[in-house]
């Protein structure tokens, strides 16, 4: 994959990564969420004021403002993702607040299942080669809500509580999501609430596209598909169902090879990694999910080979809306990455 674009040199973090419950290690994404929510509140107030003006202001700038706040939310989602992997209560509260505000609490509840099952048939967030983004949208959103609900049901069963009770965190979050939108409508008017829902659609569309491209076409082969896997790989192997506490369906008890650098696409472009808290150094993130963004390492051809995107993800993501163009760019690269993955395992 190194031939796709010249690897840009990045300064590697030095020293040992801080523990997952270290407040300072993830302070910046926490502040980013607070700043975004404050800016969004100002935008909602401006929309409400424009709607209430006499005569009403022409909505010439409204689509641009909606798109701007939506893309800001999508970038801030990189910070929320970082905080989901923390164990500090302040980080987790910030992530839950942000995700609930944008109708995406299932991500908070079920994202760790993605780390268990990445690049296996069980993982609905990983797009197999040939699946177009329009088909992926339904799979992604329905699967996220279904898995979050199933995890909460299991939580209720373990606690001996009814499924429809305060113990069901997904049910509580669904109510909170609706209540927050209703409160916005009551405080600022229906125009502000409608604007917020539009921002949510933009953010969730961006989020789906990011997850679509990050593992597109990559697979963890079944254990039997590798010839003489090394003892460490055999010991680390996981089951697509027995290791999960959630649903996800399908996978039986087939065992898959362990997570490796070849189960994620990566981007080495500093600007977008800076904006997204290095989430595009995605292989290292999946190898050590609790590691803070400041300590993620870029893949290298020698010590940590990994598939690389041929261009910045924000440019590449535009091509997904034209499926033949996307497949022309990525399918052959995915085949090559999977072939190298088998070599790496054996």
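Each residue, glycine too, has its Cβ placed from N, Cα and C.
No curator has checked TrEMBL annotations; they are predicted automatically.
The compositional bias 'Low complexity' annotation in TrEMBL covers 235-244.
If you look up TrEMBL, you'll see 62-297 marked as domain 'Fatty acid desaturase'.
As annotated by TrEMBL, region 'Disordered' applies to 1-20 (among others).
Look at TrEMBL and you will find 235-255 (among others) tagged as region 'Disordered'.
The transmembrane segment annotation in TrEMBL covers 31-52 (among others). Proximity of distant same-chain residues to the transmembrane segment (31-52), defined by a Cβ-Cβ separation under 8 Å and at least 6 residues beyond the stretch ends, is recorded for 59, 62, 65, 69, 72-73, 76, 79-80, 83, 94-95, 97-98, 101, 184, 188-189, 191-192, 195-196, 199.
TrEMBL lists 90-108 (among others) with the feature transmembrane segment.
Annotation source TrEMBL lists transmembrane segment at 171-188 (among others). Tertiary proximity for the transmembrane segment (171-188) is limited to same-chain residues at least six positions away from its ends with a CB under 8 Å from its CB atoms, namely 44-45, 47-48, 96, 100-101, 103, 105, 108-109, 149, 152, 163-165, 196-197.
According to TrEMBL, the feature transmembrane segment maps to 194-214 (among others). Outside the transmembrane segment (194-214), and at least 6 residues removed from its termini, the chain residues within Cβ reach (under 8 Å) are 40, 43-44, 47, 62, 66-67, 69-71, 73-74, 77, 102-104, 107, 125, 127, 133, 136-137, 140-141, 181, 184, 264-265, 280, 282, 309, 313, 316-317, 320, 330.
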